[in-house]
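Trainee: The following block contains the structure, expressed as structure tokens.
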Amino acid sequence: MYVGLGSAIGGMLRFLCYGLMSIRIVKMFPFNTLFVNVLGSFLIGVLFVLFQKKNFSAECLSFFITGVLGGFTTFSAFSLETFQLIEQNQIGKAFLYALLSVFLGLLACWVGYVVTSLLSK
């Protein structure tokens, strides 16, 4: 139940971000999904440190990490958008998108982890 509720909240937040970003960014590259996935990766790094330092319940972890952040980020949209770029013969963009998604996601998670670790000492 906690995961479902968190996922609904995360999905609504993603939809809100997509709406705000589509006003400003041209649809030539899937920036919306890249942004939410990188932001979600940063936040999971932050929450991982905070949850390690405090004794949170399994329900709380499930709600925030699996639910909210799982609903906010979207691997399936990333996969589809990469596939669509390949289908449109935009191989370079597809490769760049996949590379940026993985690299920036890992970097954001690490930065969230390191910054939160330093600030919480």
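Cβ coordinates come from backbone N, Cα and C, glycine included.
This is the feature table in TrEMBL:
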- 6-26: transmembrane segment (TRANSMEM)
- 33-51: transmembrane segment (TRANSMEM)
- 63-83: transmembrane segment (TRANSMEM)
- G70, T73: Na(+) binding site (BINDING)
- 95-115: transmembrane segment (TRANSMEM)
Trainee: Any chance the transmembrane segment (95-115) and the transmembrane segment (33-51) have 3 or more Cβ pairs under 8 A, given the pairs are 6 or more apart in sequence?
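Mentor: Contact between the transmembrane segment (33-51) and the transmembrane segment (95-115): present, because at least 3 Cβ pairs are under 8 Å.
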Trainee: Among the binding-site residues listed here, G70, T73, which has the most company in the form of other Cβ atoms within 10 Å of its Cβ?
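Mentor: Selected residue: T73.
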Trainee: Take the transmembrane segment (6-26) and find every residue of the same chain, 6 or more past its ends, with a Cβ under 8 Å from one of its Cβ atoms.
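Mentor: Distal contacts: 32, 35-36, 39, 62-64, 66-74.
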Trainee: Which residues, given as numbers and ranges, are at least 6 beyond the ends of the transmembrane segment (33-51) yet have a Cβ under 8 Å from it?
Mentor: 14, 17-18, 21, 60-61, 64-65, 69, 72-75, 77-78, 81, 97, 100-101, 104-106, 108-117, 120
